[in-house]
C-alpha cells in the first residue's frame, strides 16, 4: 500500500485542491487585467487586497480558512471580500478529490491536478468578461499533451499519439465551430465565441473522438440550464458558453478515469 493511499491521500488531495483554488483566484483576477500571475517587477507577484492594496501576509493566504476566520473581510481595511474566493477554492477542492478518486496520485493525474486551477479560472473569467484567454487555452493544451503522452500504452507510439491529438483537436474545433455558425444563423446573432472553439480544440487533445458526442450533449444540456439560471439572476439574455463546456469536459474526463472502467472514449 502506498503512503498516499486511503485517508492520508484524501487529505493531501483536499489540501492541494484548496491551494490550487487560491492560485485559480489569482489567475482569474490578474489575466483579464493583463497582469502576470507569476512575476511582477522581476519578483514573484504577491497577492494584495483589491480595496486597500495592502500586500497579504501568510496568515491572510490560508485557503478558505483565512476568509472564514476573518469573516469575509480584509484584515487591514475591513472591506468585504467577495464570496467568489472561497467558492473557487472549494470548487478546486472538490475537483482535486474527484481526480484523486479517479486516478490516485500518478504522473498521469499530475497533469490533471495542474489543469484544475486553469479550468476554474477560465470559468470565472468567461462569466465576468465573456472571454476564454488564449494563454490559458495554450497552457491547458500543453498539459493535455503531457497527460496523453505519459498515459500511452506500450503498443502506441508517440508519433501515432501526436497525430491522434492533432486530428482530435481539429475535429472537436471544427464540429463546435460549425454548430456555432448554424445556431448563429438561426438566431441571427453570434452564438459562440472563438474562445469556445479553441477550448474545444484543447478538449480534442485530451480526449479521444468517441468522447465528442457525450461532451457536446453534456455541454449543450448544461448550457441551456445555466443560461436559464443566468437570465433569472442577472436579467441578461447573453450567456457565456465556456463554463458549460468546461464543466462537461471535466465530467467526461472523469468518466475516462481508471476508477470508472470502460469509460466513455479513450485518449488517442
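Cβ atoms are placed via backbone N, Cα and C, with glycine included.
Feature annotation from TrEMBL assigns domain 'Prepilin peptidase A24 N-terminal' to 15-101.
Summarising the annotation, TrEMBL assigns transmembrane segment to 107-124 (among others). Within the chain carrying the transmembrane segment (107-124), a Cβ under 8 angstroms from the stretch's Cβ atoms is held by residues 16-17, 20-21, 23-25, 27-28, 31, 84, 88, 91-92, 95-96, 99-100, 132-133, 136-137, 139-140, 143-144, 146-147, 150-151, 199, 242-243, 246-247, 249-250, 253, all 6 or more beyond its ends.
The domain 'Prepilin type IV endopeptidase peptidase' annotation in TrEMBL covers 114-228.
Counting only same-chain residues 6+ beyond the ends of the transmembrane segment (136-152), those with a CB under 8 A from a CB of the stretch are 27, 31, 107-108, 111-112, 114-115, 118-119, 121-122, 125, 158, 161, 164-165, 169, 195, 198-199, 201-202, 205-206, 267-268. According to TrEMBL, the feature transmembrane segment maps to 136-152 (among others).
Taken from TrEMBL, the feature transmembrane segment applies to 158-178 (among others). Outside the transmembrane segment (158-178) by six or more residues, the chain places 141, 144-145, 148-149, 152, 192, 196-198, 200-205, 207-209, 212, 215-216, 268 with a CB less than 8 A from a CB of the stretch.
Sequence annotations record features per position, and here TrEMBL assigns transmembrane segment to 199-229 (among others).
Summarising the annotation, TrEMBL assigns transmembrane segment to 241-260 (among others).
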Looking only at the domain 'Prepilin peptidase A24 N-terminal' (15-101), mean pLDDT returns 81
